[in-house]
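S.K.: There's a structure below that I have some questions on.
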Ligand code: ATP
Ligand code: MG
């Protein structure tokens with residue numbers, strides 16, 4: 001009996017005329033996620049089937065595919081010949097050992113000598129005879145044995161549905177630059193936008209040696225987590241040390257974060273234009289901290305002239321964000337206790353509702369252009 005993984009896909013079928021394009025990107029993304037693992041993926045009547053893999057790789061394959069956006073659910077099952085004995089042995093192998101069950105059969109091969117209800121009844125009867133701990137309940141079963149009799153003389157037999165990432169295939173909705181800190185929020189923001197099909201690049205600002213190498217490693221680890229959903233990821237890293245020192249030296253300290261945010265946005269826009277990103281994405285959430293007021297966002301937004309700034313978490317509570325962070329497996333990394341550059345030279349009383357004319361007056365004390373050029377010259381790029 002050959003183990004197979006059955007892949008059902010999500011929203012792609014909605015895409016009318018573009019369907020072929022969406023499916024090509026989707027198939028390529030699945031192939032990328034299984035790179036290095038022997039397998040074959042074949043398209044079969046509205047689903048995909050992974051076959052010809054080593055028995056020991058099945059869990060790895062499920063884990064990887066469950067993170068590919070566009071995959072709605074997976075089942076691990078068996079492919080056998082359309083023969084009642086073979087189908088029965090497969091059914092027995094995928095069956096739970098206790099509880100109430102039913103058998104559901106779908107018969108694409110209308111020439112098969114038994115009708116769907118007859119197949120279900122015979123297989124169900126044999127399972128009952130072989131295991132006294134099972135009983136049939138067609139209304140409220142604990143599990144369902146599914147049998148798919150296909151037109152090519154084979155049958156698929158499976159039990160569980162594993163819920164996956166859903167969403168749209170990454171790469172079908174343009175490209176965006178995520179401002180990735182080491183916190184909880186920005187990885188979640190990136191995950192949400194990637195889920196809608198946008199390919200994400202990441203930009204991280206550090207302030208080494210004020211921030212340490214563990215803080216950098218944390219961001220790399222978060223980028224690697226995002227990479228699994230994003231089919232690979234580019235992480236750009238820029239130092240804002242000099243910018244922070246100059247703000248600290250020359251400006252009213254209460255404006256540190258407000259001014260730094262404007263530098264970050266300008267650097268992000270410059271990098272986005274260079275790399276072909278069409279928007280900037282941040283993990284800001286309205287009112288979460290002092291700098292995330294509408295006045296703060298107005299101040300940082302106003303330096304970006306050529307592209308939208310997406311803030312997918314704007315209307316989320318912190319506990320909703322934490323829940324998402326956990327479900328994408330980022331939370332344990334995000335809560336490692338290393339300082340972000342935003343906490344360097346942090347004033348006791350930051351300006352909460354900055355007036356744009358005051359911000360401009362503080363910024364006028366700096367050589368903005370030179371600071372931007374110097375910071376941009378520190379750019380490092382890594383791929384994960
Ligand atoms: P996060 O949990 O994402 O760190 P936060 O609640 O700590 O967010 P802030 O520190 O105010 O909030 O940052 C708001 C957003 O600004 C972040 O979500 C991120 O998109 C961006 N940002 C902050 N610090 C950095 C950084 N060092 N590098 C890149 N982007 C950053
Ligand atoms: Mg942060």
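Every residue, even glycine, has its Cβ placed from backbone N, Cα and C.
So TrEMBL says this about it:
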| type | residues | note |
| --- | --- | --- |
| BINDING | 179, 180, 204, 205, 261, 283, 292 | ATP binding site |
| DOMAIN | 59-160 | domain 'THUMP' |
S.K.: So, three-state DSSP: helix, strand or coil for residue 180 (ATP binding site)?
M.R.: coil
S.K.: Within 10 Å of the Cβ of residue 179 (ATP binding site), how many other Cβ atoms are there?
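M.R.: That number is 22.
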S.K.: Which binding-site residues among 179, 204, 205, 261, 283 have CB under 6 Å of ligand 1?
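M.R.: Cβ under 6 Å from ligand 1: 179, 204, 205, 283.
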S.K.: Could you state, as a whole number of Å, the largest distance between Cα atoms of any two of 179, 180, 204, 205, 261, 283, 292, the listed ATP binders?
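M.R.: The two farthest binding residues have Cα atoms 18 Å apart.
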S.K.: What same-chain residues, at least 6 away in sequence, bring their CB to under 8 Å of the CB of residue 180 (ATP binding site)?
M.R.: 186, 187, 190, 202, 203, 204, 219, 222, 223, 226, 235
S.K.: Far apart in sequence but close in space: which same-chain residues, 6 or more away, have a Cβ under 8 Å from residue 283 (ATP binding site)?
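M.R.: In sequence order, 179, 181, 183, 184, 185, 186, 187, 188, 189, 311, 313 meet the Cβ cut-off.
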S.K.: If you skip the near sequence neighbours and keep only those at least six away, which residues in the chain come within under 8 angstroms of residue 205 (ATP binding site), Cβ to Cβ?
M.R.: 179, 181, 237, 238, 239, 240, 264, 267, 341
S.K.: Using DSSP reduced to three states, classify residue 261 (ATP binding site) as helix, strand or coil.
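M.R.: In the DSSP reduction, residue 261 (ATP binding site) maps to helix.
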S.K.: Would you mind splitting the domain 'THUMP' (59-160) into helix, strand and coil residue counts from DSSP?
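M.R.: Secondary-structure breakdown of the domain 'THUMP' (59-160): 33 helix, 35 strand, 34 coil.
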S.K.: Which residues does residue 261 (ATP binding site) neighbour through Cβ under 8 Å, counting only same-chain ones at least six apart?
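M.R.: Long-range Cβ contacts: 291, 296, 299, 300.
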S.K.: DSSP on residue 292 (ATP binding site), three-state: which is it?
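M.R.: Once the DSSP labels are grouped into three classes, residue 292 (ATP binding site) ends up as coil.
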S.K.: Which residue among the binding-site residues 204, 292 has the fewest other Cβ atoms within 10 Å of its Cβ, if you could check?
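M.R.: Each of the binding-site residues 204, 292 was scored; lowest Cβ tally within 10 Å is 292.
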S.K.: For the domain 'THUMP' (59-160), report the average pLDDT of the model, please.
M.R.: 96
